[in-house]
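Trainee: Pasting a structure here, questions to come.
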Amino acid sequence: MADQLEEWKEYYINYKMMKKKVKQYVQQTQNGGRNREQVLKEFSRMLDDQIEKIVLFLLQQQGHLASRIEKLGEERAVLVEQSDASQVSELREAYREVGVDLMKLLRFVDMNATGIRKILKKFDKRFGYKFTDYYVSTRANHPCSQLQQIFKQVGIVAVVGALSRNLAFLQDHQGNYLSIYDHPSITLKDPIIEQINHSVQKLTHATNLLQFIGQHALIIPEDMQSGSEDNVDDQSYHFMSLLLNLANTFLYMVNTYIIVPTADDYSVSLGAAATVCGVIIGSMAVAQVFSSVYFSAWSNKSYFRPLVFSSIMLFLGNLMYALAYDVNSLAVLIVGRLLCGLGSARAVNRRYISDCVPLKLRLKASAGFVSASALGMACGPALAGLLQTNFKIYGLTFDQNTLPGWIMCVAWITYLFCLWISFKEPDHIARENSVDTPSSDSGHQRIGNLEDGLAQPFLIDAKESLDENGEDNDDNEEDLEDSHKPATSLAAAYRLLTPSVKVQLLIYFMLKFAMEVLLSESSVITTFYFNWSTSTVAMFLAVLGLTVLPVNVIVGSYITNLFQDRQILVASEIMVLIGIAMSFHFTSNYSVPQYVSSALITFVFAEVLEGVNLSLLSRVMSSRLSRGTYNGGLLSTEAGTLARVAADMTITAAGYLGQSSLLNVTLLPSLLICVASIVATFCTYNSLY
């Protein structure tokens, strides 16, 4: 356990002893020597003792730090009347020394918090996922419990506040004293305070706007990452290449949603039913199920070539989509959309951010990825609403149905040209290719911790430290669990999923299913019930898309700092359920206010749900899924893509019952899946901490 401070060694959780106890309990229960209730109570007392030992030492150290800050405050009071710059500088350094010692204490807490989670997980694995639920539910909110002292650092936050206030005071000691209370928007630019704040955020799961938005990028943080391992420096970082990746994301989302307002009209013009729009829209997602895997694998060796291939496939797909009208072929139309799906390079875009962007910029880049996706989702329908024209050139038809294809053809050719002249293959890829070295997953071994954000992370994850001693890995099952080798197949990745992770993937499936049903059938539903024009449908979808960023600002800046992620998760699921229930056609008169309000509730809270869902997913997912081709981001993408496929196929299948039944028939699966996800969430609620 090399990361433990020698002088504090006796105060760390005795993980090895408790791990051996778990093994003994398994043997004793199997032999009939003890029943499970006895084991549960005895192990609970043992863990209570370990936590009490940690907490009492933590409080003792906090007291030492508080005393040092108090003495420094007396020195600061003396300096108020003086203007000796050297003395002020010495005092500032003294405060920073306290900050360094505070970070040591934070590291101590982090290692123990990781040890507690890890031993609970190990006990659950051996005893059928019973202990964590019992232990957390009985300790988390009890007035005498010390568990929250480990995970919610009120005392440490107070010490951080004192350090921040005094360092801010010393920044301008010549008259205009800066107050962090009078100017809350001003951030203290001190490296020690920045590192401490990010460390506290990691411990308490506190968040900020960048973190909340960045979570949507599906870049799962790797537990093994430390700041020293980040091999992307400012010299090798290429801003234009990052910009081109974000542009690819934006254009792909525009390409996905630009056809939604007119897909039903296009299918009718080709002699099919309006509800075939589900097949037209969903065929892109069908192809994306496969493209996500090969693009993820391809990005082991290159980023430039996959992006070129993506652009060519999307150009050809949109060309076929546009020509389908003049050749009067629904098959050509669907093949065109399949080609567009085969060009989905979102796995490459995410991996470029995690591999090739410096750690201090990675969170901003992840937020940029999400923002580009959201803007593309809003711009697609808005652009479709502007294409209300009809003319012919050389026998080719240009109208509201074909223009989305022609517009995107031009966009992808332009993008391909910019890519060819401006993209730079990352240095580590170029070096590997020049010596013909197998890529393995070296890039993903450098994935930065998304939660550590803009500062170089101080806290080194304790999982590796807890397993460094060879005696700790005492059976094959645990060796497999503690291995940090990435999964080599989707089946291997699936085997690493715990019930908590499976529930989060189910929630992700549910929210994507509900959103896809809402968006894909919107044109058919609004035309049937309200006789909306294509422009009106496009405006409605654009407004829905534009709610994404404001909602994320509100939730990321305020809500996540007031409530736990799991509380927001449950509340959002319930609100999505309410939105779906409100959407049903109950009476003979289905009104616009009912449809619009229910759609807004469903869409907005599905967006809120996505952020907290991915935040929790990143915490409960195995570290082995943080890198490699078959990573957590790929699993999440596959879950969401399959949800879209299922939703679009449901729309087409329901069309056979007639448009009058379409709304209720397609909403019913959404309702049932949402109820199932809520039940599953409550079953694993206490493991989401």
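Every residue gets a Cβ built from N, Cα and C, even glycine.
From a predicted model like this one, the values you see are computed outputs, not experimental measurements.
This is the feature table in TrEMBL:
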- 1-137: domain 'SPX' (DOMAIN)
- 242-260: transmembrane segment (TRANSMEM)
- 272-295: transmembrane segment (TRANSMEM)
- 307-324: transmembrane segment (TRANSMEM)
- 330-348: transmembrane segment (TRANSMEM)
- 369-391: transmembrane segment (TRANSMEM)
- 403-423: transmembrane segment (TRANSMEM)
- 505-530: transmembrane segment (TRANSMEM)
- 536-556: transmembrane segment (TRANSMEM)
- 568-586: transmembrane segment (TRANSMEM)
- 598-617: transmembrane segment (TRANSMEM)
- 667-688: transmembrane segment (TRANSMEM)
Trainee: Tell me, what is the mean pLDDT of the domain 'SPX' (1-137)?
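Mentor: Here the mean pLDDT over the domain 'SPX' (1-137) amounts to 81.
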Trainee: Who are the chain neighbours of the transmembrane segment (403-423) in space, where the CB to CB distance is under 8 Å and they lie at least 6 residues beyond its ends?
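Mentor: For the transmembrane segment (403-423), the list is 240-241, 244, 247-248, 251, 254-255, 258-259, 262, 303-304, 307-308, 311-312, 314-315, 318-323, 336, 383-384, 387, 389.
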Trainee: Do at least three C-beta pairs under 8 angstroms join the transmembrane segment (307-324) to the transmembrane segment (242-260), pairs 6 or more apart in sequence?
Mentor: yes
Trainee: Restricting to CB pairs under 8 Å, which listed stretch, 272-295, 369-391, 536-556, 568-586, 598-617, is in contact most with the transmembrane segment (330-348)?
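Mentor: Most contacts with the transmembrane segment (330-348): 272-295.
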Trainee: Would you kindly list the residues that approach the transmembrane segment (242-260) from elsewhere in its chain, counting only those six or more residues past its ends and only Cβ-Cβ distances under 8 Å?
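Mentor: For the transmembrane segment (242-260), the sequence-distant neighbours (Cβ-Cβ under 8 Å, at least 6 residues beyond its ends) are 266, 280-281, 284, 303, 307, 310-311, 314, 318, 321, 337, 340, 343-346, 348-349, 352-353, 356-357, 365, 368-369, 372-377, 379-381, 383-384, 404, 407-408, 411-412, 415, 418-419, 422-423, 519-520, 522-523, 541, 545.
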Trainee: Could you give the residue numbers and ranges of same-chain residues that sit at least 6 residues beyond the transmembrane segment (272-295) on either side and whose C-beta is under 8 angstroms from one of its C-beta atoms?
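Mentor: Distal contacts: 256, 259-260, 263-266, 306, 310, 330, 333-334, 337-348, 490, 520-521, 523-524, 527, 629, 634, 637-638, 641-642, 644-645, 647-656, 659, 662.
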Trainee: Please work out which recorded stretch in 505-530, 536-556, 568-586 has the most C-beta pairs separated by under 8 angstroms from the transmembrane segment (369-391)?
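Mentor: Per the Cβ under 8 Å count, 536-556.
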Trainee: Same-chain Cβ contacts of the transmembrane segment (505-530) under 8 Å, 6 or more residues past its ends?
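Mentor: Hits for the transmembrane segment (505-530): 257, 260-265, 274-275, 277-278, 281-282, 497, 536-537, 540-541, 544, 569, 573, 576, 580, 583, 590, 592, 595, 599, 602-603, 606, 609-610, 613-614, 617, 635-636, 639-644, 646-648, 650-651, 659-660, 662-663, 666-667, 669-670, 673-674, 676-677, 680-681.
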Trainee: Helix, strand, coil residue numbers for the domain 'SPX' (1-137) per DSSP?
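Mentor: Helix, strand and coil residues of the domain 'SPX' (1-137) number 116 helix, 0 strand, 21 coil.
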